[in-house]
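Below you'll find the structure, written out as structure tokens, and then a few comments.
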């Protein structure tokens, strides 16, 4: 029986050919392209300055990126679980600290209680992830639908065109990302037949771009609810006119919430 640390011991294998460009890296492009998230992390502090416990979020994002690289490098069982569970716990921390209180279940009265609910739910999900690891990635991707639902509800209450533009960009990048992920998973035979099995690599880049727009939205809504003495405003670097920009949040004087 192969070790859980052994190369290719995972239940999941993506479309890219294994060990074609390196004798120690199973999926070369999937591993290298994961550095995209590392690059975007350099920009993330601009977005998290106004959030408490930002350091924990950045640390978890960095850890998730490292574990993802390890998984694609080895395709090991341990690598797969480290990759998926690091994403799960990163999402759990984000929900715990920044989920709007107005959306708490009726039985939850304080954020401390919500911490416990999130922690127990995440712990149960962690244990369940060992049962059938092959479906873990599908379950994680389904969380995006809840985030999209929350975004839609918030947009109905806000008429700031910059917020709507940011949300649109986030959704567009996410649609492209999930399309690449599904394409790599379900149409692998086609892409291998034409020698272009790189859609999971595209997923890494596109989902990182989607997160680049998602983080400022989280901050914007968090400030609106939790810091009413400030008015959050979305800005773009280097310029509004660029097709791909680095969005961030600035705080202005007190305001009437939109």
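Each residue, glycine too, has its Cβ placed from N, Cα and C.
Secondary structure at residue 16 (Ca(2+) binding site), taken from DSSP and collapsed to helix, strand or coil, is coil. Neighbour density for residue 16 (Ca(2+) binding site): within 10 A of its CB lie 23 other CB atoms from the protein chains shown. Marked as Ca(2+) binding site by TrEMBL: 13, 14, 16, 18, 27.
Taking all protein chains in view, 26 other C-beta atoms sit within 10 angstroms of the C-beta of residue 72 (Zn(2+) binding site). Annotated Zn(2+) binding site per TrEMBL: 72, 200, 204, in sequence order.
The transmembrane segment annotation in TrEMBL covers 48-73 (among others).
Sequence annotations record features per position, and here TrEMBL assigns transmembrane segment to 85-102 (among others).
The feature transmembrane segment is assigned by TrEMBL to 114-131 (among others).
As annotated by TrEMBL, transmembrane segment applies to 137-152 (among others). Listed by sequence, the residues of this chain that lie at least six past the ends of the transmembrane segment (137-152) yet keep a Cβ under 8 A from its Cβ atoms are 12, 84, 87-88, 91, 100, 103, 125, 167, 170-171, 174, 178, 181, 214, 217.
Per TrEMBL, transmembrane segment is recorded for 164-182 (among others).
Here TrEMBL flags 202-223 (among others) as transmembrane segment.
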Residue 72 (Zn(2+) binding site) and residue 27 (Ca(2+) binding site), distance between Cα atoms, whole Å:
6
Looking only at Cβ atoms, how many others are within 10 Å of the one on residue 13 (Ca(2+) binding site)?
13
With the transmembrane segment (164-182) as the reference, which stretch in 85-102, 114-131, 202-223 has the largest tally of C-beta pairs below 8 Å?
202-223
